[in-house]
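Trainee: Below: one structure in structure tokens.
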Amino acid sequence: LVEALYQTTYPEYLQYIYLVAPISLMMLNPLGFIFCEIQKWRDNRTVSHSKIKIVGLALLRVLQNPIVFMVFIGIASNFILGQKVPEYLENFLDGLGSSFSGSALFYLGLTMVGQTKKLTKGMFVALILLITAKLLMMPFLCREMVELLDKSDSVVNHTSLSNYAFLYGVFPAAPGVAIFASQFNMEVGIITSGMVISTFVSAPIMYVSAWLLTIPSMDPNPLASALQNVSFDISIVSLVSLIWSLIVILLSKKYKQLPHMITTNLLVAQFIACIGMVAWNFIVKEEDITMQILVFIFLYSSLYSTYLWTGFLSFSLFLLRKRETVKIPVGFIIIAGWGVPTVLVGILLIVGKPNNTSIDSAFFYGKHQIITTAVILFISILLSGISLMCMNRNRQESSYEVLNPYSPRSQVEGVEVEVREGNQVSATGPQLSAGSSAQHSPGSSPQPSTERGCCSCQTTNGELCGAGESKAASSGVESKVPPIETADQCVSHCSAQTCVLAQEEQLLQTGDKQLARHVLLCLLLIVGLFANLSSCLWWLFNQEPGRLYVELQFFCAVFNFGQGFICFGIFGLDKHLIILPFKRRLGFLCGGREAAVHTDPCVPEEIRMTCQQFVHYHRDHCVKNIVKGRRCGAQISTGIFFGCDLVNWLMQVGLASDRGEAVMYGDRLMKGGVIQHITNEFEFRDEYLYYRFIPK
């Protein structure tokens with residue numbers, strides 16, 4: 001690709017590829033290997049060493065790495081042989097180099113087998129970040145470094161070299177990274193999947209960039225018209241996605257709680273921005289400057305607000321972690337989220353001068369508008385970055401549990417309070433007297449309401465349960481776990497609509513703050529903010545922006561008015577409001593619900609062996625550790641556990657190496673008839689869902 005672009009104009013660019021490789025191999029790779037060696041020692045602290053000895057051992061192992069010492073041997077041989085490789089060595093070295101690349105690619109494909117099934121939500125977020133950093137941030141950083149370091153007097157050479165740096169940053173990584181990820185056991189699944197995906201995605205970016213570089217001259221008027229049409233089309237489709245997402249949040253009533261309250265304001269701002277772009281598409285064709293200014297105020301007040309709400313959303317996520325000590329200023333955040341952009345647009349109207357000849361809204365007020373946009377983007381990126389980093393550092397766990405929506409126990413405790421309050425009210429219905437439902441021993445510790453009330457199906461072994469039975473049985477069941485053989489006597493009569501445990505489970509799910517989704521939303525929006533900031537800086541500090549600037553402008557337009565697609569993908573398909581009712585309806589229509597309740601007699605041999613091994617060696621120990629007694633009837637206490645607790649236990653005893661593998665193990669237990677969901681509504685998940693062991 002580089003040869004086709006620069007062979008006739010800048011042939012020396014071909015040599016720059018090989019110039020960068022030794023720098024990477026001699027400086028960057030050894031530094032990375034040192035960090036990997038130190039992390040490897042931290043993970044396996046079998047022998048205590050001083051820090052100096054640890055660093056010394058790490059340096060020794062790095063120097064023993066073939067990637068490092070062969071580079072030094074090659075450089076020394078270059079001087080010894082007079083920069084000429086002997087013919088009898090040239091063919092041998094060419095074959096050796098080709099075999100390494102082929103072997104690395106083969107190993108990359110081999111290690112990917114079965115890895116994608118183990119990707120958890122946190123790993124998926126890390127994968128998105130790696131791909132984004134490689135394909136978007138790396139090209140911009142390469143280009144900006146050239147802009148800072150190159151002091152050439154020729155504008156043409158300077159622009160060409162910076163464009164080459166941008167193209168160089170898009171090139172995919174070498175497959176040898178997968179080998180070293182496996183050697184140091186550094187998230188092999190994320191690295192291999194990320195390399196393959198980024199390689200496929202980088203191809204169209206490289207060829208579009210190369211195509212733009214081959215165009216001799218570009219008329220700005222058709223490009224501005226095409227950019228306006230793209231923004232208009234994206235806005236129309238994004239409006240539909242935003243309307244859907246807003247309806248889902250309103251129907252689920254999550255807009256009343258944080259952080260969904262901030263997310264709702266973000267969606268409204270995106271909705272107004274899309275409407276503003278649709279109106280701008282028609283107003284800009286007219287000569288009425290007053291209407292253009294009014295639509296511009298409407299458009300950019302909301303667009304700046306979307307930038308700022310991203311920072312405030314990240315800030316609110318951080319404050320949610322500190323909620324015990326810090327009160328979240330919701331009113332101030334809402335006023336600032338809508339007021340600051342409006343004030344900035346007002347200042348822009350006073351200071352700037354409108355350009356009625358430009359159809360691009362991004363340049364309607366010229367340089368003053370670009371500076372204003374850059375300032376608000378920088379503030380939002382800074383606020384988001386600091387908030388997310390502090391949010392992660394405040395957690396005491398070593399892993400990135402902040403990306404797991406089910407990790408914070410505080411969420412569950414808060415929801416269980418709601419469950420207790422709700423069920424105390426429901427227990428005073430016609431079936432139970434108010435006195436029997438409210439009384440409990442003074443010395444007993446507070447228990448979840450599901451252990452006090454009667455099962456909603458009102459049957460215990462076929463008999464109607466009464467208030468006296470509920471009161472008499474409430475004291476003896478809470479302290480011990482019942483036998484597994486009696487665990488299903490009440491649950492088997494319950495359905496998802498009537499079982500008290502199922503109702504508590506639903507409250508646990510609907511009360512989830514969806515922190516993982518909000519963190520993912522913030523990270524994706526930060527990527528777009530970074531691209532917009534790069535576009536502003538590119539235009540401000542370059543006399544001739546160049547052809548690649550057009551590509552960046554199209555990306556920014558798609559992001560600014562296509563944020564609704566991101567929000568729809570994250571919040572538009574609510575599990576409890578849309579997906580689960582749809583699955584139940586589909587299963588009912590297809591007649592598959594009854595079939596799903598019963599275990600398939602034709603269980604594969606692998607699943608059967610896994611279940612036999614678990615039942616024979618691990619079941620009793622697992623029951624003692626994770627099974628808890630919860631009341632689902634007047635006299636029967638069910639032995640149940642959370643799915644995420646089983647995942648943690650499988651990792652603790654060594655039956656699974658990570659959460660993804662633990663979910664696969666639990667799924668095999670469910671298919672093999674060892675465990676089941678209390679109402680057979682869900683497959684096995686790493687969530688706060690109730691499961692129980694099926695009696696032998």
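Any Cβ shown, glycine's included, is placed from N, Cα and C.
Under the heading compositional bias 'Polar residues', TrEMBL lists 426-450. Marked as domain 'DEP' by TrEMBL: 641-695. The region 'Disordered' feature in TrEMBL is assigned to 426-452. The transmembrane segment annotation in TrEMBL covers 16-36, 57-80, 92-110, 122-141, 161-181, 188-214, 234-252, 264-283, 289-318, 330-350, 370-391, 519-540 (among others).
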Trainee: Using a Cβ-Cβ cut-off of under 8 Å, list the residues of the same chain that are 6+ residues beyond the ends of the transmembrane segment (234-252) and lie near it.
Mentor: 260, 263-264, 267-268, 270-271, 273-275, 277-278, 510, 557-558, 561-565, 567-568, 571-574, 576-578
Trainee: Is the count of Cβ pairs under 8 Å between the transmembrane segment (122-141) and the transmembrane segment (92-110), pairs 6 or more apart in sequence, 3 or more?
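Mentor: Contact criterion not met.
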Trainee: Tell me whether the transmembrane segment (16-36) sits in contact with the transmembrane segment (519-540), defined here as at least 3 Cβ pairs under 8 Å among residues 6 or more apart in sequence.
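Mentor: As far as Cβ distances go (cut-off 8 Å, pairs 6 or more apart), the transmembrane segment (16-36) and the transmembrane segment (519-540) do not touch.
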Trainee: On the 0 to 100 pLDDT scale, where does the domain 'DEP' (641-695) sit on average?
Mentor: 82
Trainee: What residues elsewhere in the chain lie close to the transmembrane segment (188-214), defined as a C-beta under 8 angstroms and at least 6 residues from its ends?
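Mentor: Same-chain contacts beyond the ends: 1, 4-5, 108, 111-112, 115-116, 118-119, 123, 126-127, 130-131, 134-135, 163, 166-167, 170-173, 175, 177-178, 181-182, 547-548, 550-551, 660.
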Trainee: How many of the residues that make up the domain 'DEP' (641-695) does DSSP mark as helix, as strand and as coil?
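Mentor: Tallying H, G and I as helix, E and B as strand, the rest coil: 24 helix, 9 strand, 22 coil.
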